[in-house]
Amino acid sequence: MGERITLSVIKADIGGFVGHSSVHPRLLETAERYLAESKLLIDYRVAHVGDDIDLIMTHKYGVDCPEIHHLAWNVFLQCTEVARELKLYGAGQDLLSDAFSGNVKGMGPGVAEMEFEERKSEPIIVFAADKTEPGAWNLPLYKMFADPFNTIGLVIDPKMHQGFRFEVYDLIKNERVEFSLPEELYDLLVFIGAPGRYCIKSVYSKTTGEIAAVSSTQRLNLMAGRYVGKDDPVCIVRCQSGLPAVGEALEPFANPHLVAGWMRGSHIGPLMPVGLDQSAPTRFDGPPRVVAMGFQLSGGRLVGPQDFFGDVAFDKARQTANEIASYLRSLGPFEPHRLPLEDMEYTTMPEVMAKLKNRFVKVDHRDDREPAAEELGAK
């Protein structure tokens, strides 16, 4: 076996510039400088989508490595100091603890990591989204790895024809379950069609057993017990040679699907694929955005990124997303633009409702009954 490489993508919202729209250049410079000093990494890139900083790192220490997670945590702490100096909005909001405990999972930042033996050619895509939640990856990952109308390789590539194994997390019960596709396709859809609770964590090739994709599944609100911003997930997808081609991995985003998040994390909106220079959400703090950064790995070195969604081929998707956004905005505070009440539990909505609870009185349904015939006659 050859040497195994670990690709870690760890993200956090450290403070918005301006509001929730983007990241101040000084924060990116701080992250770059801190990672450059580390002896742990083979290579790294610092990116952002909206107001989230994404640390893309390669190393040889495997997933859940305490030293790598501590490095990312320290980067975010350094950036938080700069954010507070600049009085950026929500400085350090994704950091839910004051002390590092060996792993950033459960402490606020989102994490997607995979370890694999680098192939002869290793194309990967790092997807990063803003103003939405981890379930936003469910439909795209399903289409990439299970839908032959999206991925023709499932039909004609003998290395893909056997299908893929999906690992799904229940974010409420903290449980996981695996499905073997295509034979358990309908069973999978029972769960991933509810992306607020069930999220695709990882995908594995049934032909090779190798990992093909992994996503961050951290839910900030569930960890903090209050609304502290949307989760803004990341996802890593390996491509080609028995896995979806790059174009097959990008194709699901050509037709924007609806995701939860947007303004105050309380609305449904289209996930708009954008170039890196268009990733600052502004209209109603949105619509939700997704970027796609393509890399070739070479001995763990990151060659790239290629800004995939900057292509004019996605102009139509952006136009469609804007049209969907305009229609949904016309509904204002009404569902289905606003999230249903059960999904508003961790927003500020309960505080407003609590103020009014004493104004509710019981309804006597006997007063609502139809009058009997004799009562009508008496009148």
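From the backbone N, Cα and C atoms, a Cβ is placed for every residue, glycine too.
Per Swiss-Prot, the feature active site, proton acceptor maps to ASP13. Residues or ranges marked as active site, proton donor/acceptor by Swiss-Prot on the basis of similarity to another entry: TYR227. What Swiss-Prot records for LYS230 is active site, schiff-base intermediate with DHAP, and it gives similarity to another entry as the kind of evidence. Look at Swiss-Prot and you will find ASP13, HIS20, ASP51, GLN93 tagged as Mg(2+) 1 binding site. Positions annotated as beta-D-fructose 1,6-bisphosphate binding site by Swiss-Prot: HIS20, TYR89, GLY102, ASN103, LYS131, GLN240, SER241, ARG264, ASP285, TYR346. The dihydroxyacetone phosphate binding site annotation in Swiss-Prot covers HIS20, LYS131, ARG264, ASP285, and the record cites similarity to another entry as its basis. What Swiss-Prot records for ASP51, ASP52, ASP130, ASP232 is Mg(2+) 2 binding site, and it gives similarity to another entry as the kind of evidence. Swiss-Prot lists LYS230, ASP231, ASP232 with the feature Mg(2+) 3 binding site, giving similarity to another entry as the kind of evidence. Residues or ranges marked as Mg(2+) 4 binding site by Swiss-Prot on the basis of similarity to another entry: ASP231.
Shown are the binding-site residues ASP52, ASP231, ASP285; of these, the residue with the fewest other Cβ atoms within 10 Å is ASP285. Cα separation, LYS131 (beta-D-fructose 1,6-bisphosphate binding site) to ARG264 (dihydroxyacetone phosphate binding site), rounded: 9 Å. According to its DSSP assignment, ASP52 (Mg(2+) 2 binding site) is in a strand. Cβ crowding, taken as the number of other Cβ atoms within 10 Å, peaks at GLN93 among the binding-site residues GLN93, SER241. Close to ASP51 (Mg(2+) 1 binding site), meaning Cα to Cα within 10 A, are the following binding-site residues out of ASP130, ASP231, SER241, ARG264: ASP130. Inclusion criterion for the binding-site residues HIS20, GLN93, ASP130, SER241, ARG264, ASP285: a C-alpha placed within 10 angstroms of the C-alpha of ASP231 (Mg(2+) 3 binding site); this criterion is met by ASP130. Long-range Cβ proximity for ASP232 (Mg(2+) 2 binding site), meaning a same-chain Cβ under 8 A and a gap of 6 or more residues, is found for LYS11, ASP13, VAL49, GLY50, ASP52, GLY110, ALA128, ALA129, ASP130, LYS131, THR132.
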